[in-house]
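J.: For reference, the structure I am asking about is given below.
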């Protein structure tokens with residue numbers, strides 16, 4: 001018998017509302033609609049299939065405040081993460097959304113109607129309170145950045161009626177709903193199930209710790225990786241799922257199953273661990289492995305962890321009775337070469353030789369093509385990871401040149417393009433500032449918002465080209481730190497490599513050598529919003545390379561860039 005769902009009843013809204021499907025579909029076409037973002041889609045899917053039981057919709061203000069302040073819903077049920085539907089001021093100003101009215105929730109990918117929400121209330125969240133109580137308050141936390149920069153001004157709360165499932169085109173057979181997974185466990189005769197959450201590839205150590213956890217509890221294993229939204233920079237879920245599938249035969253026959261979870265993670269540490277436990281309980285698991293720094297976002301700019309290493313374990317243990325799922329504390333295991341086995345570190349006698357490979361070292365080995373030993377990971381898993389992580393010398397990169405107009409950016413960009421073409425090995429694309437303005441951003445002006453949009457477009461193109469293995473050279477003015485950081489994030493999140501080169505040629509030199517007289521026009525007031533004259537240039541705080549045309553030749557600067565790329569391994573050394 002699978003574990004009872006959180007709150008006692010599995011809120012499978014898709015099954016509940018199926019008899020009214022046609023009626024709801026017709027009504028949905030007559031209602032105003034909210035087109036959901038990717039994160040909202042992930043949340044809606046788990047509301048509709050019961051993964052977020054006992055929720056039946058997006059939280060109203062009463063539930064939102066209670067979850068933030070008390071880690072439970074207004075009715076007293078334990079729940080740790082605000083699940084909210086945010087909308088913009090413009091949507092509110094439109095006047096179509098009011099308490100008591102109904103609104104269609106629509107998929108941005110295919111314009112399908114997914115659900116109808118009956119609005120309970122519309123409220124402006126206290127984002128500072130949410131940031132502090134839910135995520136700890138550090139403004140460098142990715143969830144807090146998302147909250148302040150991406151989440152809209154208002155939340156709409158209310159219960160939903162489900163119309164259609166989300167369409168998925170990848171690994172459909174592995175995307176079990178809670179009800180389907182419970183039926184699967186029952187068919188297999190599983191009564192005790194240890195769930196393992198991961199957003200990373202699994203290696204031999206993970207296999208050992210999950211098998212140990214299952215044996216100690218006479219249980220089976222649910223490998224339940226997140227394939228929704230995870231941490232930027234994580235290995236893509238297509239690669240990870242292939243690796244999980246390759247690993248599965250390494251378990252004793254009949255011990256483990258693989259199921260995928262379309263969750264949008266918040267990287268919320270202790271709060272997220274409680275949330276993950278609730279989700280796994282709803283999927284029928286009786287035990288849940290909580291690791292060291294579970295769902296933590298890593299370190300801030302000062303090198304400090306956002307949470308203590310065992311905060312998540314302590315949080316789940318605190319609510320153990322209410323959760324109704326047994327916490328299995330993640331045991332760090334290490335490899336003993338003399339006996340060819342893995343053991344928990346606290347069980348290894350003093351003086352016994354051990355071996356470990358850190359995540360950083362693994363990434364370096366994948367990047368450089370260095371061998372990865374079989375004691376660490378299985379050959380079939382390594383093969384899959386290598387296919388998705390080609391050697392550095394075959395990867396693409398973006399060189400992003402920033403500086404004043406007439407600082408020498410374009411001359412450097414053109415010379416670098418020629419040099420890289422001569423080098424060979426990858427295609428080279430040039431995105432000059434004026435060219436992009438003419439071809440991609442001709443309708444934009446030079447307000448801060450329009451400048452940011454222009455850089456976003458450059459970054460999107462650069463990210464797509466870089467991901468495909470090209471070398472991209474971009475040379476916009478890009479005067480704002482926020483825009484440059486967003487460009488770096490866009491390229492790296494697309495799977496590319498990004499180098500910011502600050503062309504720090506002094507403004508006086510740029511003006512003095514301006515043969516087109518553009519600075520003179522700006523000084524006379526004929527051009528408004530001109531960088532360096534009546535609009536600021538924010539000096540980059542994290543440039544990978546700083547150069548100056550007033551002190552260096554273009555040739556020497558290009559050579560510096562080439563040396564930087566060579567040092568990073570972007571040219572074949574064989």
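Using N, Cα and C of the backbone, Cβ positions are placed for all residues, glycine too.
Heads up, here are the entries from Swiss-Prot:
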REGION    1-169  region 'N-terminal'
REGION    170-394  region 'Catalytic'
BINDING   197, 198, 199, 200, 291, 292, 293, 294, 333  ATP binding site
ACT_SITE  198  active site
ACT_SITE  199  active site
ACT_SITE  200  active site
SITE      330  site 'Induces change in substrate recognition on ATP binding'
REGION    395-574  region 'Allosteric regulation domain'
J.: Does DSSP put residue 198 (active site) in a helix, in a strand, or in coil?
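T.: The residue in question, residue 198 (active site), is coil (DSSP, three-state).
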J.: Out of 198, 200, 330, which of these recorded positions is nearest residue 291 (ATP binding site) by C-alpha distance?
T.: 330
J.: Can you work out the mean pLDDT of the predicted model over the region 'Catalytic' (170-394)?
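T.: The answer is 94, the mean pLDDT of the model over that range.
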J.: Residue 293 (ATP binding site) to residue 330 (site 'Induces change in substrate recognition on ATP binding'): how many Å between their Cα atoms?
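T.: Roughly 10 Å, rounded to the nearest whole number.
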J.: What Cα-Cα separation, expressed in whole Å, is found between residue 200 (active site) and residue 330 (site 'Induces change in substrate recognition on ATP binding')?
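T.: Taking the Cα atoms only, residue 200 (active site) lies 15 Å from residue 330 (site 'Induces change in substrate recognition on ATP binding').
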J.: Using DSSP with the three-state reduction, classify residue 333 (ATP binding site) as helix, strand or coil.
T.: strand
J.: Taking the Cα atoms as reference points, how far is residue 333 (ATP binding site) from residue 198 (active site) in Å?
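T.: Checking the Cα atoms of residue 333 (ATP binding site) and residue 198 (active site) gives a distance of 16 Å.
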J.: DSSP three-state call for residue 291 (ATP binding site): helix, strand or coil?
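T.: In the DSSP reduction, residue 291 (ATP binding site) maps to coil.
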J.: Which one, from the recorded positions 197, 198, 199, has the smallest tally of other C-beta atoms lying within 10 Å of its C-beta?
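T.: Comparing Cβ neighbour counts within 10 Å for the recorded positions 197, 198, 199 gives 198.
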J.: In the structure shown, which of the recorded positions 200, 291, 293, 330, 333 has the fewest other Cβ atoms within 10 Å?
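T.: Each of the recorded positions 200, 291, 293, 330, 333 was scored; lowest Cβ tally within 10 Å is 200.
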